[in-house]
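First up is the structure itself, then whatever we jot down about it.
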Amino acid sequence: MELKNKKVLVIGLAVTGVPLVRVLKQQGAQIIVNDMKSEVDLAETIDAIGHEQIEYILGRHPEELTTLGELDLVVLSPGVPLDIPFIQQIKAQGIEIIGEVELAFRLSRGKIVAITGTNGKTTTTALTGEIFKGAGKNTYVVGNIGVPFIEKALDTTEEDVIVIEVSSFQLESIKEFHPKVGTLLNLTPDHLNRHKTIENYREAKLNLFMNQSLQDYAVLNYDDITSREAGKTLAAQKIYFSRKQILEEGVFVDNQLITIQTKEKRYDVIHIDEIKILGQHNLENALAATAMTFILGVSAEDIAKGLRNFPGVAHRLEFVEEIEGVKYINDSKGTNTDASIKAIEAAQAPIILLAGGQDKGGDFTDFVKAFDGKVKHLLVYGETSDNIYETALHNNFKVVSQVRDLEEAVIRAKGIAQAGDTILLSPACASWDMYPNFEARGQHFKKLVSSLRRS
């Protein structure tokens, strides 16, 4: 992709902003950076990328597109909605609008293994990357997992494997993005404050497969209706995985063994008790990782080694410590009800559950119904506190308390807990009402738990 002397408008700096602008500068582009945050708020970011080749428009969107001159390309941060008036104005002018993932794809080489879904993306991405690395393949693990794709795009070669976690926000702005292997883990309502309807959300997720052909692979969850049904319309070769059923072909569990069945041969990979990551949802993640790595030539033996050694990832059912017989579990990545239901199912009862945060427009009824026989006390805080509290009472779960914030929740939970209990942070909500991201929320929880031991 030729960027030299091209005029590129970057809208929204966010996490991807610094590496994105650096790459554009390196490629010789003329850059305009537009962000709704002020120069004061972005001082550190601006210091990191400098002023050479860059014009900044901060604290507002330009009132008239014409004031920017002749634009060749617009690159959006994933957090910028496509339906705001300024973006609509750009669209009306016929200027190409892409996201960081699309730009990185155009600048990269190598086989792309792309993973999306409502839940399990980060764990599956990390696990898949570890299996490839353990099998001796030069592997980049990028995307929504923490390292922007654009940061590594120019380093990649034809022989590399690029494992990328992609969100629905990122998939809204792809055009040519073309994974060799694309995986849809599952789909349940999420981000409806952005996508408005489940149909729009589904459509964004399925963009993952839109440029695939018969030479590519779509890895699909047979147990998830959306993922399974998607297979009927996709051009790629379909590989299904299932935790609940034995398949004629695909990856599944048979007699407690993760099993690969091809047309020619069956491979018994590993006993599920040898996998360290907890929960039935993580078994599904392991099945998906098995399928993706096997497709690209990793042996059953190397897959087993990777599954056996993988410890899990931070903020996802992460064991923090045990104090006076009470286990503290950090599942800050539980940013929607489905993820938190899976955490409740995986954690050891009795559970004192800490939940709440920014509202994504979801319903908490199924979340509360999952408490039965598992949750002994619910502590809620944040923007969704009233909603969760009222939903709990409406569904006859009476042992619920509203608290000011996470710190008060941890202190109250310690006072309630008895030896043998689990204190589980699994908020079922986004973190943005109180924290910049779920990682910051999880780190704060771990710091609060550490302070309990010191006290």
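Heads up, the Cβ atoms here are built off N, Cα and C, so glycines get one too.
Features reported for this protein in Swiss-Prot:
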- Gly117, Thr118, Asn119, Gly120, Lys121, Thr122, Thr123: ATP binding site (BINDING)
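Positions of Swiss-Prot features highlighted on the structure.
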residue: Gly117; record: ATP binding site; CB count, 10 Å: 27
residue: Thr118; record: ATP binding site; CB count, 10 Å: 22
residue: Asn119; record: ATP binding site; CB count, 10 Å: 26
residue: Gly120; record: ATP binding site; CB count, 10 Å: 28
residue: Lys121; record: ATP binding site; CB count, 10 Å: 24
residue: Thr122; record: ATP binding site; CB count, 10 Å: 21
residue: Thr123; record: ATP binding site; CB count, 10 Å: 28
